[in-house]
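Chemist: Dropping a structure here in structure tokens format, bear with me for questions.
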Amino acid sequence: MENPGDSQMKLVTGPGGYVLEDVPHFTDYLPDLPSYPNPLQDNPAYSVVKQYFVNDDDTVPQKVVVHKDGPRGVHFRRAGPRQRVYFESDEVHACIVTCGGLCPGLNTVIREIVCGLYHMYGVRKILGIDGGYRGFYAKNTITLTPKFVNDIHKRGGTILGTSRGGHVKSKIVDSIQDRGINQVYIIGGDGTQRGAAVIFEEIKRRGLKVAVAGVPKTIDNDIPVIDKSFGFDTAVEEAQRAINAAHVEATSIENGIGLVKLMGRYSGFIAMYATLASRDVDCCLIPESPFYLEGSGGLYEYIEKRLKENGHMVIVIAEGAGQDLLSESLQSMDQQDASGNKLLQDVGLWISHRIKEHFAEKKMTINLKYIDPTYMIRAIPSIASDNVYCTLLAHSAVHGAMAGYTGFTVGPVNGRHAYIPFNRITEKQNKVVITDRMWARLLSSTNQPSFLNPRDIAESKKEKQPATGILDGENCNNGASVAEDNPCVSAAGLSDVENCKDGISMTEDNPSGGVNFAMFSFFYDGRNRNRNRNWASGRQGESLDVHILHVEASPSPRYPSS
């Protein structure tokens, strides 16, 4: 697949100092297109709404927390209906395609795109593309009407079928052109959205009046910029059933261990939020937070300690956690699926065997039950909150396409739906920030150690990392400096207080990092020291055990941390 990032980003500098990362519009390359009054103004369902139409100048800021003298940052174009549209109702010939893995809410998005086009804009020609991208040129289409999709939101999966790969740009655009399709709605993850960007570029090159709108989908919640992805809430809710089952199994037998593997290839959001919601979990392992098994402070030691204290234990592990450990003990095959995702080893099954082997050698009896609910979670219908969210996503996509916008994806940014350029969705993955308060809350809930590997300590001493905190490194208050010789790291950024009180600096004479007391786990390059100061409360005379970890700059968390 080609790189869609080659095209020039559309940037507009606003009068307030912000930068609008705008999305393409038909008039950028088809300047003489006529526009029409939006039919919603005559729709009785919306007659009671005040100021229903979105002002063309409305934007949504990517960050709502800014410093007084700091830049205004990046904005996106606000989603919603416009007063003028660039399609007449009987002119529209729309199609919908779903790609990639299953996710709760797919059918709801399909339903609401169909019903939105039909009831809001009077569109009657809507096709479903069967079987993902390759369905454009290899399969038949499905005619979609409100009656046909009426109850599909009550079912899991996708009525259109899905697949990975199959992206042949020329064949897809040829099919779109031959069928007379002029609105394309593409539902899928980052790989699918990259494909959508390539399709848009080819359509633009050919000078076609075809709107390409993406709806981002990933159950792992790893899409950047947007607040969260649809299906995530449903996944967290359903994961509770598996965790509860593991807890029942563990508490019903001597030295019982319930191990649950949840989805999360590169991001541990499902595991983290399911753990926080459950409160029955003793240990949560995610890809962003490395762990090790043997030795002091390792997983085996913690399991033994927990079993002696409570007589049982529940462990939640994301599918992408511990892959480096598997690579060391298994002959790893560097294989990929059709979407380009690396095929992961089954870390849940592997770690189950390792735990059993370890305690068998120690002649300590344990009873471990391993639960993998992955495909059960993917296949269920979405819960109520996700159904509402899917409706808003679908309607935003429809409004954008009708208004002449193209080459965009939709999603909420700080609670307001916006049109986002494809490249911003595909440029990186959103990950759990383990120096953020939300991860600290999890550590407080489970009381698990940080599982810092001694090898990582050695590496962190060799390579200094830039200081950072949850607000893009701007967390040092009251004159504390951030420099190579005085890196004031946002230790207090993990608590609900200001950072680096009273100008506390961390130099070679005072190298503190890795605060780990009850709810703190922080990463920094330095030596272990106790300090005669409690940063969180400002009280004197209390010592902290400082653990060395690794500081890494990363984006803000998916959800507000307080």
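Including glycine, each Cβ sits where the backbone N, Cα and C put it.
From TrEMBL, here are the annotated features:
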- 95-399: domain 'Phosphofructokinase' (DOMAIN)
- G101, R164, G165, G189, D190, G191, T192: ATP binding site (BINDING)
- D190: Mg(2+) binding site (BINDING)
- G191: site 'Important for substrate specificity' (SITE)
- T218, I219, D220, M263, G264, R265, E319, Y375, M376, I377, R378: substrate binding site (BINDING)
- D220: active site, proton acceptor (ACT_SITE)
Chemist: In whole Å, how far is T192 (ATP binding site) from M376 (substrate binding site) when you measure between their Cα atoms?
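Modeler: Each residue's Cα considered, M376 (substrate binding site) and T192 (ATP binding site) end up 23 Å apart.
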Chemist: Which one of the binding-site residues (G101, G165, G264) has its C-beta surrounded by the most other C-beta atoms within 10 angstroms?
Modeler: G264
Chemist: Would you mind sorting out which of T218, D220, G264, E319 (the binding-site residues) have a C-alpha within 10 A of the one on D190 (ATP binding site)?
Modeler: T218
Chemist: For the binding-site residues G189, G191, which one has the sparsest Cβ surroundings, going by other Cβ atoms within 10 Å?
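Modeler: Relative to the other binding-site residues in G189, G191, G191 has the fewest Cβ atoms within 10 Å.
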Chemist: Between R164 (ATP binding site) and T218 (substrate binding site), find the distance joining the two CA atoms and give it rounded to the nearest Å.
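Modeler: Rounded to the nearest whole number, the Cα-Cα distance is 14 Å.
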Chemist: List only the single closest residue to T192 (ATP binding site), chosen from the binding-site residues T218, D220, E319, R378 by CA-CA distance.
Modeler: T218
Chemist: I'd like the Cβ neighbour count for R164 (ATP binding site), meaning other Cβ atoms within 10 Å of its Cβ, all protein chains included.
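Modeler: So the Cβ neighbour count for R164 (ATP binding site) comes to 20.
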Chemist: Mean pLDDT across the domain 'Phosphofructokinase' (95-399), rounded to an integer, is what?
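Modeler: Result for the domain 'Phosphofructokinase' (95-399): average pLDDT 93.
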Chemist: Quick one: which of these binding-site residues, T218, E319, R378, have their CA within 10 A of G189 (ATP binding site)?
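Modeler: Near G189 (ATP binding site) by Cα: T218.
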Chemist: List the same-chain residues at least 6 positions away in sequence whose Cβ sits under 8 Å from the Cβ of T218 (substrate binding site), in sequence order, or say none.
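Modeler: The answer is C103, G189, D190, S229, G231.
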